[in-house]
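A.B. asks: Quick one: this structure, given as structure tokens, is what I'll be asking you about.
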Amino acid sequence: MPISSALAERIATSPKAELHIHIEGSLEPELMFALAERNGVKLPYASVEEVRAAYAFDDLQSFLDLYYAGASVLLTEQDFYDMTAAYVARALADNVHHAEIFFDPQTHTARNVPMHVVIHGIVRALDDAEREHGFSSALILCFLRHLSEEDAFDTLEAALPYIQDPANRIIGVGLDSSERGNPPEKFARVFARCKELGLRLVAHAGEEGPAQYVIDALDILKVERIDHGVRAIDDAALVKRLAAERIALTVCPLSNEKLKVYPDLRDHSLKQLLDAGCAVTLHSDDPAYFGGYMNTNWLATFNALDLSAADAHALARNSFEASFLPEQDKALWLAKVDDHWKAAH
């Protein structure tokens with residue numbers, strides 16, 4: 001049953017933090033085409049409509065193939081700036097006030113785009129967003145799990161000068177790309193090194209991979225937050241642990257539906273995980289490819305799972321609690337979230 005228009009409006013206007021957003025996954029077809037033209041890159045599509053048609057993929061690998069083709073248009077600092085500024089505009093429209101944004105340097109350095117071009121373009125847009133709109137943000141450098149751990153170490157080494165300068169906003173590392181056949185332990189040493197460096201640790205686990213990958217990400221990689229994690233529902237002991245330790249799951253329902261993790265949103269495990277006391281949060285993942293930014297994800301999920309105002313309040317609170325914001329900033333946002341929701345349930 002669709003939720004009430006009053007609840008839909010309160011969800012849309014609620015303060016939120018976005019903790020699972022790949023900046024390259026926010027590249028809309030129109031901007032992809034504009035950048036291809038600007039840079040003289042030939043795309044395998046004749047029109048924006050053809051790109052949209054290619055978005056009819058139904059598994060992670062087909063999506064990744066398209067994602068990497070799209071990234072080929074990103075060549076200059078201005079390209080990364082434009083892509084990031086476009087994401088921020090959409091986030092602000094959805095009342096996202098803080099974002100912890102993934103970026104994939106290996107996708108770009110493999111194409112001979114220098115690390116500084118990627119980082120400076122993204123950071124310049126985030127600096128402008130903070131100055132002009134008060135938009136708070138941080139960056140999480142992701143290693144591509146289909147590549148080797150040695151490649152991840154090389155990437156970390158190349159990124160270190162940027163990581164060590166707080167102006168670049170890089171607070172942590174993550175692990176993304178093809179989960180099947182690339183278990184967390186493949187990256188145990190590089191994550192141990194990142195922990196030594198004082199970086200925050202997160203990893204994609206339990207999306208297409210099994211619940212065991214969530215356990216391994218926690219126990220081998222020592223991550224603080226699990227990206228996706230929806231397959232945890234298959235292991236009752238793990239669900240209890242996630243709830244007891246308040247380990248956040250950054251869940252992306254439209255992504256899960258599009259990639260057939262859950263072919264029908266009505267079957268999604270989000271509500272079960274939330275009811276079990278897990279620190280579930282709700283995000284957009286790769287919104288240009290999966291059909292929606294934050295509010296679209298929230299509203300689709302609430303309609304499919306018949307969630308309540310109390311659920312919305314919990315999800316909004318969880319998004320700030322699970323963030324890597326300083327405690328005093330978290331407290332300010334949690335008070336704003338509580339004010340927003342106190343009259344609704």
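Cβ coordinates are placed from backbone N, Cα and C, and glycine is handled just like the others.
So Swiss-Prot says this about it:
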ACT_SITE  Glu207  active site, proton donor
BINDING   His20, His22, His204, Asp285  Zn(2+) binding site
BINDING   Asp286  substrate binding site
SITE      His228  site 'Important for catalytic activity'
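Mind mapping these onto the model and telling me what they sit next to?
C.D. replies: In the three-state DSSP assignment, the secondary structure recorded for Glu207 (active site, proton donor) is coil.
Residue environment of His20 (Zn(2+) binding site) contains 28 other Cβ atoms, counted within 10 Å of its Cβ in all protein chains.
In the three-state DSSP scheme, Asp286 (substrate binding site) is classed as coil. Neighbour list (Asp286 (substrate binding site), Cβ cut-off 8 Å, at least 6 residues apart, same chain): His22, Glu24, Gly25, Ser26, Phe63, Tyr67, Ser255.
DSSP assigns His228 (site 'Important for catalytic activity') to a strand segment in the three-state reduction. Counting only same-chain residues six or more apart in sequence, the Cβ atoms lying under 8 angstroms from the Cβ of His228 (site 'Important for catalytic activity') belong to His20, His204, Ala205, Gly206, Glu207, Leu249, Thr250, Val251, Cys252, Asn256, Val261.
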A.B. asks: If you count, for each of the recorded positions Glu207, Asp285, the other Cβ atoms lying within 10 Å of its Cβ, which residue has the minimum?
C.D. replies: Glu207
A.B. asks: Show, in sequence order, which residues other than His20, His22, His204, Asp285 on the same chain lie with their Cβ within 8 Å of the centre of the Cβ atoms of the Zn(2+) site.
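C.D. replies: So the additional residues around the site are Ile21, Gly25, Phe102, Asp176, Asp227, His228, Thr250, Cys252, Ser255, His283, Asp286.
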